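As structure tokens, the structure follows; a few thoughts come after it.
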Amino acid sequence: MVYNKETESEPRIYGVARTASAVLTHFLCIVFTVFIAVLSRPGTSWFSWHPFFMTLAFSFFMTEAILLFSPYGSPIKRFPHKTKGRVHWILQCLCVSCAVLGLTAISYNKHLNGKPHFTSWHGLLGLLTVCVVGLQSLAAVPLIYHSLAKGWSLAKLKRYHAASGLVTYLLASASLLLGLSSAWFTASVGEYTWYLSALCSALNALVIMNQVSSAYTAKKRLQY
């Protein structure tokens, strides 16, 4: 069966809505990252670097890395897919670097204060997320240099990478939400600000989930 692009194309309003959601996601991830930077005041203490770097990693770099492939909100929409892939990998490397710095900062801060490490769900999930993000970035190398993955088709590698990347992003979003429930954050903001902050992370996760799932639904249609 031949795929008919015209009959299967989505209504215009759907495209407008998805463009608006992508633009909103860009805005929210920037505003949320700046808000946490102002709130934590990086440099005032070792702990202050933890929320700053973690938010920069997961809310900004990781979100922007995935939005590069959005057909509705990519800032480099007209660039070749190969270029998008390389920029995506660079942003993910920056994400890993910031996440490691954030993890180092909180670990050293706990060491200075004689506190136990990774005793909360936020700490455990955060550690798991940093490890998974690092592995995810390393696993993406064969997508750039396909000769390293002999016996694997590029299409299959992309499919597995997208699926595991979505799981990684959801882990990062859950870690951020647990961080919003920490004693530091709840003591620093009011009730309405807390709900708005949680809404930012939740909305970003929903948009990314929709982007990935829509991309692979469209690919399946093309196969019929």
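Each position is counted from 1, following the chain as shown.
Cβ from N, Cα, C; glycine included.
Look at TrEMBL and you will find 16-219 tagged as domain 'Cytochrome b561'.
Per TrEMBL, transmembrane segment is recorded for 21-40 (among others).
The transmembrane segment annotation in TrEMBL covers 46-69 (among others). Residues 22, 25-26, 29-30, 32-33, 36-37, 39-40, 75-76, 84, 87-88, 91-92, 94-99, 101-103, 105-106, 108-109, 112, 126, 129, 133, 165, 168-169, 172-173, 175-176, 179, 184-185, 200-201, 204, 208, 211-212, 215 of the same chain lie 6 or more positions beyond the ends of the transmembrane segment (46-69) yet place their CB under 8 Å from a CB of it.
Look at TrEMBL and you will find 89-108 (among others) tagged as transmembrane segment. For the transmembrane segment (89-108), the list of distant contacts is 46-47, 49-54, 56-58, 61-62, 64-65, 68, 117, 123, 126-127, 129-130, 133-134, 136-137, 140, 144: same-chain residues at least six beyond its ends, Cβ to Cβ under 8 Å.
The transmembrane segment annotation in TrEMBL covers 120-145 (among others).
The transmembrane segment annotation in TrEMBL covers 166-186 (among others). Through the fold, the transmembrane segment (166-186) approaches residues 39, 47, 51, 54-55, 57-59, 62-63, 66, 120-122, 125-126, 128-129, 132-133, 136, 194, 197-198, 201-202, 204-205, 208-209, 212 of its own chain, all at least 6 residues removed from its boundaries and within a Cβ separation under 8 Å.
Taken from TrEMBL, the feature transmembrane segment covers 192-212 (among others).
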